[in-house]
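As annotated by TrEMBL, domain 'Tetrahydrofolate dehydrogenase/cyclohydrolase catalytic' applies to 6-120. For 139-281, the entry in TrEMBL reads domain 'Tetrahydrofolate dehydrogenase/cyclohydrolase NAD(P)-binding'. Residues or ranges marked as NADP(+) binding site in TrEMBL: 165, 166, 167.
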Ligand code: GUN
């Protein structure tokens, strides 16, 4: 049997539709959400991601600024720009595209972003609020994973969720959000013994390890929900997830494809966070 495909593209379009409605209401009050994206250097993948973010802002009627800086930009100059954006009234959200060149301390830059404008949810204060369950700007990809599961009509309460990967950007925050949804969460990583055996206990399997097609059908319980956060560029230029979609879809339940699964949700959640930040900035949320 072939599994149902969870379309992140379709869910993203639904959410962007409702964001567009809110943008109209805000415009009537004279408020336009504003996002500043900062890109340092020439990494081709980062340039593509930033263009996609710029386009999403344009399509939704946000104000946007993209600061493309040369690879030899000093940390002091970058921090000065962040400080300027922190104080700029037309800007509600600031995103500094990662990775940064090696001579720049990423933590220093993330820590410099105003907590209320940290639409990536990477600032330690937002991370801390996520851990203790307080209101915060949530990191976009993990928030997108949860939204995708919910909007596919899948209940997480009481389910066993297994997360493979423990990065600060995906694995750790997604495990916290799954707990918040009352799932029982197990985390696996590169040193986990018997990973396939543990993964096969999952009702919901979330994979974020950054290794193309790594997870095959031997990791998946029949009928389990499979969410693939991987985005790996193959030598032939094609994009592949961390999950071997062709083999896994023969045993799994609902599954996300790559591309067209979690990917589109990340930018949608960035737009959602920017809207939230704008509403808070103007006392409307
Ligand atoms: N580079 C890859 N993913 C991300 C992300 O979610 N945010 C930022 N700022 N940079 C990234």
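Glycine too: its Cβ is placed from the backbone N, Cα and C atoms.
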Using a 10 Å radius around its CB, how many other CB atoms surround residue 165 (NADP(+) binding site)?
23
Cβ neighbour count (within 10 Å, all chains shown) around residue 167 (NADP(+) binding site):
15
If you skip the near sequence neighbours and keep only those at least six away, which residues in the chain come within under 8 angstroms of residue 166 (NADP(+) binding site), Cβ to Cβ?
172, 187, 189
In the same chain, outside 165, 166, 167, whose C-beta lies within 8 angstroms of the Cβ mean position for the NADP(+) site?
163, 164, 168, 169, 170, 171, 172, 187, 189, 208, 209
